[in-house]
Amino acid sequence: MPDQLLFAIEVTLNGLMAGVLYALVALGFVLIFKASGIFNYAQGVMALFAALTLVGIMDGQVPFEHLINAVFGTDIHGFGWEVPALLAILLTMVVMIAFAWAVNWIVLRHLVGQEPIILFMATIGLAYFLEGLGDMMWGADIKTLDVGLPQGINTTIDEATFNMFGYGFFIDNLDITATIIAAVLVAVLVAFSQYTKQGRALRAVADDHQAALSVGISLNFIWVLTWSIAGFVALVAGIMWGAKSGVQFSLSLIALKALPVLMLGGFTSIPGAIVGGLIIGVGEKLFEFLVGPLVGGATENWFAYVLALIFLVFRPQGLFGERIIERV
């Protein structure tokens with residue numbers, strides 16, 4: 001088999017892995033949009049904040065220690081202990097649930113019935129607030145996140161494919177782990193949505209707020225639940241991206257990469273987020289491999305947005321989204 005074809009297969013596999021990471025971020029957008037019709041601009045920052053909080057707890061860092069030292073003239077540098085990864089993840093999840101409750105109590109319940117643009121602007125403000133809060137709590141330094149996930153080239157796949165084709169496929173263990181975690185997460189979310197009382201209530205709220213209220217479903221509970229689940233998804237995405245490239249404030253920009261994924265898959269479809277992520281991941285890698293050398297490279301920076309623009313023109317609801325019909 002020609003080396004070029006084998007390399008193209010390797011590029012495709014790595015594109016699939018990258019697409020899974022994009023899809024993890026897109027899932028949070030889908031969950032909140034389904035339940036409330038809000039496009040949550042803060043989802044990427046939520047992933048950043050979750051990753052910062054996780055690293056801070058694991059390292060035994062004192063929250064706001066820089067501010068405390070500046071105001072009181074102290075010299076605090078951590079609690080002096082480290083927290084196991086699993087316990088730190090559970091504590092971070094508690095923080096994200098508290099954040100979801102605060103968002104509902106302070107912001108959402110005051111904006112019920114407002115225009116979508118008002119809710120969108122509220123999430124923009126929330127994003128900048130959360131980014132500043134993360135900076136004050138944990139500092140702006142680039143942090144290393146290690147929760148024990150396997151990393152580095154998978155030698156088993158490398159050796160097996162080399163023995164089979166005479167060409168070893170280089171695939172990162174972390175990407176394989178992310179793929180497995182994403183598959184399990186999607187299966188759990190779909191099962192939750194279809195087969196639990198809370199999931200059915202969430203779908204009812206997504207279909208019609210007023211009808212859901214008329215049968216006794218609490219909007220406040222559903223919104224807190226939705227934002228809590230989105231916070232958990234953000235935590236998973238933050239762990240994967242943080243372990244891959246370090247926890248840094250540019251991590252919040254992964255939300256921009258999730259936008260084309262949503263436009264392809266549809267804003268209301270959980271499977272659509274996964275399929276859209278895979279299409280974007282594979283498409284940008286193959287396009288860079290095939291066309292990049294002809295146009296000077298760097299096509300990964302814009303390919304996804306051009307593809308999303310094409311979908312907006314010809315199929316604005318996405319592959320799995322629902323066509324919205326408004327009566328006038």
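Placement of Cβ uses the backbone N, Cα and C atoms for every residue, glycine included.
Noted in TrEMBL for the protein shown:
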type     : residues : note
TRANSMEM : 12-33    : transmembrane segment
TRANSMEM : 45-64    : transmembrane segment
TRANSMEM : 84-107   : transmembrane segment
TRANSMEM : 119-140  : transmembrane segment
TRANSMEM : 176-196  : transmembrane segment
TRANSMEM : 217-241  : transmembrane segment
TRANSMEM : 261-282  : transmembrane segment
TRANSMEM : 289-314  : transmembrane segment
Cβ pairs under 8 Å between the transmembrane segment (217-241) and the transmembrane segment (84-107), at least three: yes
Select the range from 45-64, 119-140, 261-282, 289-314 that forms the most Cβ-Cβ pairs under 8 Å with the transmembrane segment (12-33). 261-282
Per the Cβ filter (under 8 Å) with a sequence gap of at least 6 from its ends, the transmembrane segment (84-107) is approached by 46, 49-50, 53-54, 57-58, 122, 126, 130, 146-148, 220, 223-224, 226-228, 230-232, 234-235, 239
